[in-house]
Structures are given as structure tokens and as C-alpha cells.
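Student: Okay, handing you the structure first.
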Amino acid sequence: MERKRKYVIKGRKPLKGEIEVSGAKNASLPAICATLLSPGVYKLKRVPKVKDVFCMLKIMEHLGAVCEFEKDYLKIDTSKIKELSVPYELASQIRASILFLGALVGAYKSAEVPLPGGCAIGKRPVDFHIKGLSQLGAEINLEKGNLIVKTQKLKGTTIVLDFPSVTATENLMMAGVLAEGETIIKNSAKEPEVVFLGEMLKKMGAEIKGLGDDTIYIKGKKKLKPVNIEIIPDRIEAGTYLVLGALMEENEIVVKNINKEHLKTPILKLEEMGITLERVDKNAFKVKRGKTINPVKIITAPYPGFPTDLQPFFAVLLTQAEGISFITENIFENRFLYVFELKRMGADIEVKDRTAIINGPTSLIGSPIKATDLRAGAALVLAGLCAENTTDVYNVELIERGYENFVEKLSGVGAEIKVEEDED
Ligand code: EPZ
């Protein structure tokens, strides 16, 4: 069992320099599963080397794929898939393992995937995934915690999602591209990572219309072909570093490899706060802020609304704003656990129902805190970087699930952050 580690951060160091955003974790995970849809060799560029990716690749290897990072791409060979069931000990580490369901049922008309558990931010059921696959003709049974899916063939039909779920849309697209006839997914998710998967499937020969819209039309094909692709930049990681640049007046951060199109709403919100981006190169932007930050109201929503994954970072930033701000979390029922850690650092923040009320500015004081989930953990590191004295952040393995070279990237702009064994 890997020994637990913590980050030890010395706060209030003015940060200056460039940070390069990696490829998107949440585009890489479905793309890895999509390589099961046509046996062959795929080369995926800019896949981030993070724990969630390594876990999905271990599952791929269990199924019979050969996966290795070579030069600047990840090579996946799915010519010899010999297994159609995902092992519990690997799947239980990552909720995105549910994406193997759509890919395996789509390609092999059979799959066995453990029912994912909930996590810190909410129950996160998969009923939309199950309902959609059953509507396509799959027979789904739950046996000893595993979803057993079998079908003679998948037949296209119209599926209406109760909510524009990101991975449910991705699963149903992967099942639909090899189904017979047309599959229509109404109330589909529009996130850039969903569009990216759709574009990859089209490059593989799938016929898909409506990507980025609220209805996706798929005309099933008999077979697809392997492709090489480059993963889009990680908009949530980009947002993380934009907030870093605004955290302290003395910071001078340039964030590189940003796709501004994917960050419209968060950038508008930053501008409302008095924080702007100055283009210094094609996809590189310098974060500019005034002496004070304006308080704002944030409401999370499906894309293109304000992304739930960025709300913890904006909460940290809003502890430095002049006045009262509100963040309403509409996607997950339990995504304010980090608030209690921020309060330990002196933040004036209360949660009422689904809204965090933040009174600023307050100077944060370094304290021992713990990451409660991936994004909250990264946000608490940012809090430590703008806090007086020293902050120890525990449970950092949660952060390393989705942030490639996080400590190196922060140290690269002058942060004083060390990784230490967690004594206990
Ligand atoms: C994806 O999760 C992302 N993960 C999450 O990022 C992100 O927070 C989320 O989308 C929202 O944008 C990946 O892409 C791997 P949903 P997903 O299905 O697909 C409910 C990160 O930090 N729901 O869009 O699981 C669900 O409970 C992670 O990288 C059902 O009720 O999110 C939630 O309240 C965190 N039944 C809402 O819908 C279902 O069958 C949105 O969930 C499916 C979802």
C-alpha cells in the first residue's frame, strides 16, 4: 500500500512565471475506452500522466490491451482483447470505470463492470447509463455488485436523459456508434470533453451529428477503425492556474496551452471580479488583477454554464474579495466539504443548503488541512499558497489523480511546496 504523503506549503511567496496546462484528464478517460471500439493500434497525444489515467490503463491491460507511453504519445493496442469483465479492485478506485460499459457493450455486446460507489462529492448514481443501455436493447443485471450486460445486438432508439450527464452521454455514444440504426440522445451533455470523444469517434468512422448541442444523432456502423488523436487542453486545470494568478496582487502568472473557448463562463466571472487575461501568445495568457477583487455570485450548471469542478477554486479566491459572495452548487449534493477546511484557515464562509456565503477579504492562516476530493484538494493547496505561515495538506493522492506534475508546476513559478511522508 502506497505510503500517505502530504504537501508542506510556505505561503505568501509572490509567484512569477509560466505554467503549461496538460491534456484533459476527462477527455483522456473516455478516449482510452473508445480504443476498444475497433481492434488495432492507437496513438493518443497529450494524455496526462495522472493516477486516474494509470488506473484506466491497468484495467485496459487486464482486458488484454497493450498500453505504453512512448515519446510524446500513449500507444494502445486493442488487437487482442481477451476479457470483458473489469476487476473490482481496479474499478473501485475510479468512477470513470463505468465508461468501459458503453465501449465493451458497443464492441463486444457483453460487459461486466462493478457498480461504481459514491464518493466525497455525492452519491453519483448511474441510473441514466443503465436506463439508456437497456433502451438500446442491452439486458442488464446486478450480481454481487457487478453490472452484467449482455445483448444479441444493440438497436438504435431515442433516449431522453433526465439530466445532461457527461459520462452517461459518453457511454451511450460509444454504445450507439456500433448499434443497428439511428440512436438519438436528447438532453445530451455539451462539455468539450464529450464533443472531443464524438470527434474521435467520427475520425474512427462513426456518423455523429449534434455534438455540443442538446441532441446528438448517431447512425450506427458495422465497424470503425483505429485513429491517432491529440487530447484537448484540460480546462479545469487551466482554470486552476488562472485562479492561482489572481490569488495575490504580486503574482505574475502566464498560463499556456489554454483553449479560451472552453472557459468562456469562468473567464467572464473573473472579469466581473476585476481580473482579466492579457494574451501574450497564441494560447498563452497573463493573469492581471487590480488592488481589490469584486465579490460575485456564482451558480454552477452543465456546460456552457459555470463548471462545478471550478467552484472550489473560486471559493478560495472569493475569500480575498471585498464583500459578500455567493456560490450555489447545483450539480453535486455534497461539494462543499472543503469549506470546513477553509474555515480552519480563518475564512469567513458559511454553507446554507446548496449555497456557500463567503465574506471577504480575510487573511488566511496556514493550518493542517486535508483534501476532501480531487478539485477541493487542489483548491486547498492554492489556499495554502496565499495563507500566512505554513500549511500541511494531507490526502494529496486525491490531487494527484488529476493534476500532472502539480508540485513541479507550482515550484516552477516560485511556490515553496515540499512533499513529505505523512508520519501517522
Ligand atoms: C463528470 O462526472 C466528470 N468526470 C466530473 O469531474 C464532473 O464534475 C462532472 O462530469 C460534471 O461536470 C469525468 O468526466 C470522468 P454527471 P459525471 O453524470 O459524468 C447525476 C473531476 O473532478 N447523475 O454529469 O459522473 C450525478 O449524481 C470529476 O474530474 C445521476 O443522477 O457527472 C450528478 O448529480 C469530478 N444519474 C449529476 O447527475 C446518472 O446516471 C451530474 O453528473 C448520472 C449522473
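Glycine too: its Cβ is placed from the backbone N, Cα and C atoms.
According to TrEMBL, the feature domain 'Enolpyruvate transferase' maps to 10-410. For LYS25, ASN26, the entry in TrEMBL reads phosphoenolpyruvate binding site. Marked as UDP-N-acetyl-alpha-D-glucosamine binding site by TrEMBL: ARG95, ASP309, ILE331. For CYS119, the entry in TrEMBL reads active site, proton donor.
Just tell me what is around each of these and how deep it sits.
Tutor: Around the Cβ of LYS25 (phosphoenolpyruvate binding site), the same chain contributes PRO48, VAL50, ASP52, VAL53, ASP234, GLU237, ARG401, GLY402, each under 8 angstroms and 6 or more positions distant in sequence. According to its DSSP assignment, LYS25 (phosphoenolpyruvate binding site) is helical.
Taken residue by residue with DSSP, ASP309 (UDP-N-acetyl-alpha-D-glucosamine binding site) is part of a helix.
Take the CB of CYS119 (active site, proton donor) and look out to 10 A: across all protein chains shown you find 16 other CB atoms.
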Student: Considering all pairs of residues in ARG95, ASP309, ILE331, annotated in the record as contacting UDP-N-acetyl-alpha-D-glucosamine, what is the maximal C-alpha distance expressed in whole angstrom?
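Tutor: Greatest Cα-Cα span of the listed binding residues: 16 Å.
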Student: Over the domain 'Enolpyruvate transferase' (10-410), what is the model's mean pLDDT?
Tutor: 97
Student: Rounded to a whole angstrom, what is the C-alpha distance between ARG95 (UDP-N-acetyl-alpha-D-glucosamine binding site) and CYS119 (active site, proton donor)?
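Tutor: Spelling it out, the Cα of ARG95 (UDP-N-acetyl-alpha-D-glucosamine binding site) and the Cα of CYS119 (active site, proton donor) are 9 Å apart.
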Student: Near ligand 1, which of the recorded positions ASN26, CYS119, ILE331 have CB less than 6 Å from any of its atoms?
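Tutor: What lies within reach of ligand 1, judged by Cβ under 6 Å, is ASN26, ILE331.
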Student: Among the binding-site residues ASP309, ILE331, point out the residue whose Cβ has the most other Cβ atoms within 10 Å, with all shown protein chains included in the count.
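Tutor: Of the binding-site residues ASP309, ILE331, the highest Cβ count within 10 Å belongs to ASP309.
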Student: Please list, in sequence order, every residue of the chain apart from ARG95, ASP309, ILE331 whose Cβ lies within 8 Å of the Cβ centroid of the UDP-N-acetyl-alpha-D-glucosamine site.
Tutor: ILE121, ARG124, VAL166, THR308, PHE332, ARG335
